[in-house]
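Read the structure below first, then the notes.
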Amino acid sequence: MDVVEVATPGGSYPIHIGPGRLDALDASIPADATAIAVVTNPTVAGLYGARVEAALARTGKRVLRIELPDGEAHKDWQTLNLIFDALLENRLDRRAVLVALGGGVIGDMTGFAAAVYMRGIRFVQVPTTLLAQVDSSVGGKTAVNHPLGKNMIGAFYQPVAVEIDTEVLGTLPAREVSAGLAEVIKYGLILDAGFWQWCEDNVGALRALEPRALAYAIRRSCELKAQVVGQDERESGLRAILNLGHTFGHAIESGLGYGEWLHGEAVGCGMVQAAELSTLAAGFPAADVQRVRDLVREIGCPTVAPDLGAERWLALMQVDKKTEGGEIRFVLMPRIGQALSRAAPEADVRTALERTTR
């Protein structure tokens with residue numbers, strides 16, 4: 001088992017990475033917990049619900065299951081209220097603990113529910129998709145979507161632990177694996193050129209879910225994110241670079257309708273768009289744009305964005321958490337392994353859109 005420590009002003013906690021972590025979840029529950037509520041969806045519950053509940057039952061606490069509808073389309077206030085309804089109907093108090101068993105949607109919604117229920121209760125992240133394991137479960141970002149923008153209603157709220165069972169990835173559809181790998185290669189692009197090169201060299205092993213390659217990719221991704229979050233928990237500076245590809249990607253998700261593309265697919269395509277914009281606005285080498293496009297294609301993600309029309313693209317990107325004073329800010333790369341967040345000239349954005357949409 002690998003352990004990565006996350007240390008932030010909002011809380012320090014371990015990330016446990018390895019096979020069989022689902023069977024050890026009882027160890028992650030605080031001793032003074034009065035009850036445990038497992039928040040999940042029908043798909044994950046059918047695969048792992050009974051196993052997780054058996055592990056949690058060893059704590060001697062009452063264990064409640066809350067099942068939410070599956071998918072990004074249900075990441076909203078209406079679905080969030082299903083969590084609150086169950087917690088209140090079952091009289092869970094401030095010492096109850098939530099367990100987020102699922103992908104990014106479940107993790108984000110459970111974390112947000114924990115942040116606001118009775119003004120804050122504890123929760124544990126148990127991510128079951130690759131994307132959630134390497135990205136959304138780490139760092140304390142929690143949110144629901146609004147019809148006008150993705151993740152616009154939320155809070156920074158850290159879990160007490162993240163439990164990553166690498167064996168659960170064997171049940172993931174290939175498309176979900178590709179979506180998760182987009183976030184993996186992102187860390188190399190923004191923070192670690194050596195890791196980017198390793199991803200290029202090992203893309204076949206990663207797509208095949210080769211255990212050693214996968215374990216290293218997950219650990220290194222968590223290490224890099226933990227370093228950034230430890231320096232900038234609330235995204236007031238450095239943490240913004242973790243949003244590489246997300247300004248374009250969120251526009252794709254909003255423009256097509258949540259759930260049409262997976263989040264990781266939109267981010268992967270958005271990284272190609274960000275690379276093109278970086279050649280115009282940050283001096284990114286043109287040859288490296290092709291490297292980005294090639295690796296995004298090799299992990300199985302789209303490299304051509306939908307043609308939403310330039311004006312609609314710009315309007316969608318205005319509804320972004322990084323927009324300041326009406327000015328859209330992008331994560332740009334001077335070179336592989338280095339990134340910065342700043343505004344880009346609209347003419348450059350339009351050119352990048354022309355090069356990357358169809």
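Keep in mind that glycine also has a Cβ here, set from the backbone N, Cα and C atoms.
Per Swiss-Prot, NAD(+) binding site is recorded for 70-75, 104-108, 128-129, LYS141, LYS150, and the stated evidence type is sequence analysis. Just so you know, the Cβ of THR129 (NAD(+) binding site) picks up 28 other Cβ atoms within 10 Å once every protein chain is counted. Following the DSSP three-state reduction, the secondary structure of THR129 (NAD(+) binding site) is coil.
Annotation comment: Swiss-Prot describes GLU183, HIS246, HIS263 as Zn(2+) binding site. Close to HIS246 (Zn(2+) binding site) in the fold, though at least 6 residues off in sequence, lie VAL267, GLY270, VAL331, each with a CB less than 8 Å from its CB.
The most densely surrounded of the binding-site residues HIS74, LYS150, HIS263 is HIS263 (count of other Cβ atoms within 10 A of its Cβ). Excluding GLU183, HIS246, HIS263 themselves, the residues of that chain whose CB lies within 8 A of the CB mean position for the Zn(2+) site are, in sequence, LEU131, ASP135, SER136, ALA182, LYS186, GLY245, GLY249, GLY264, ALA266, VAL267, GLY270. Summary for the binding-site residues GLU72, GLY104, ILE106, GLU183: the Cβ-based neighbour count within 10 Å is maximal at ILE106. DSSP assigns ASP70 (NAD(+) binding site) to coil, not to a helix or a strand. When secondary structure is read from DSSP and collapsed to three states, GLY104 (NAD(+) binding site) falls in the helix class. DSSP gives LYS150 (NAD(+) binding site) a strand state.
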